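Please read the structure below before turning to the comments.
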């Protein structure tokens, strides 16, 4: 059975297009019809919220005459990554609304999916860097945290994410898919061989399991070091800035893991079906639909971070208000009644 998911997070490769002697499965038409009708609108809402929210975060963090600290530097890069990511979502929404028939040509097929794939790696690598920075600040407070090192780390993360998305740029193309009545779809045409294993190692191991191990290590040590500290209990009600920053970072990490873990579970399940460790129509349908819905659940993370800023970051709310006052048109100074009276007297005297 061919996959119904031709975009990058949900790849379709050459061996899946027309499998010989494949068993025909009932592919849950009601569930797919619901997906085609509902999810494009949901994606557009996510795109608009993510665009406005991340622009607000960048506007606050990158205000003129203000130097970013190390944590803010990582958070600004995370907002920039999410912003680039949501710019590609309208193409995805149109593709799903069109029942996976790609109408935008080969260049955008590669570009949109490459950006999505790069963001997957850049986001989780930045979460690792953010967790490591909090770990050094709280567990090893005497260690130096230099802005130059943070800038170099951010550049390295963007380069690494871009390099890991190179296979997407190389192997994405427009292909006539029999399961779509030979209409054109944006598919991932992997070369023959052990590519399934290579992709699983890249996506699930480099893109999730290894970063997850680092995130768990850093945050477990952070929680252990904060246990019993009064600033943790006061972090949400005016406690010391260090405690509030830690609460913000931990909320970011928790939201990221909650949003992205289901996708990686279904991506690994797809690998098991591709190598035929897991077989049967139930698992095919479960995997295909699960990948779609888990992907959109992961999309929510790109517009969730600004919400976390507003509700958890008290200092961020203060800076938003300062930015609003700076940008809002200034009202003319109020004129006292005595001044008005003098003006009227001069007017009538003349």
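Cβ coordinates are placed from backbone N, Cα and C, and glycine is handled just like the others.
According to the topological domains annotated in Swiss-Prot, residue 32 and residue 273 fall on the same side of the membrane. Per Swiss-Prot, the listed range annotated as transmembrane segment is 205-225 (candidates: 184-204, 205-225). Ranges compared are 6-26, 111-131, and Swiss-Prot records transmembrane segment for 111-131. Among the residue ranges 151-171, 319-339, the one that Swiss-Prot annotates as transmembrane segment is 151-171.
A contact between the transmembrane segment (42-62) and the transmembrane segment (293-313) is present, since 3 or more of their C-beta pairs, 6 or more residues apart, lie under 8 Å. Note: the topological domain 'Extracellular' (172-204) comprises 13 helix, 12 strand, 8 coil (DSSP; helix = H, G, I, strand = E, B). Among residues of the same chain six or more beyond the transmembrane segment (73-93), those with a C-beta under 8 A of the stretch's C-beta atoms are 7, 39-41, 43-44, 46-47, 50-51, 54-55, 57-58, 61-62, 104, 108, 112, 115-116, 119, 122-123, 126-127, 129-130, 133, 147, 150-151, 153-154, 157-158, 252, 299, 301-303, 305-306. Mean pLDDT, taken over the topological domain 'Cytoplasmic' (314-350), works out to 61 on the 0 to 100 scale. Ranked by how many other Cβ atoms sit within 10 Å of their Cβ, the recorded positions 95, 109, 186 place 95 at the bottom. Within its own chain, the transmembrane segment (205-225) has Cβ neighbours under 8 Å at 120-121, 124-125, 127-128, 131-132, 134-135, 138-139, 164, 246, 250, 253, 257, 260, 264, counting only residues six or more beyond its boundaries. Cα spacing between residue 186 (disulfide bond) and residue 95 (N-linked glycosylation site): 9 Å, rounded to the nearest whole number.
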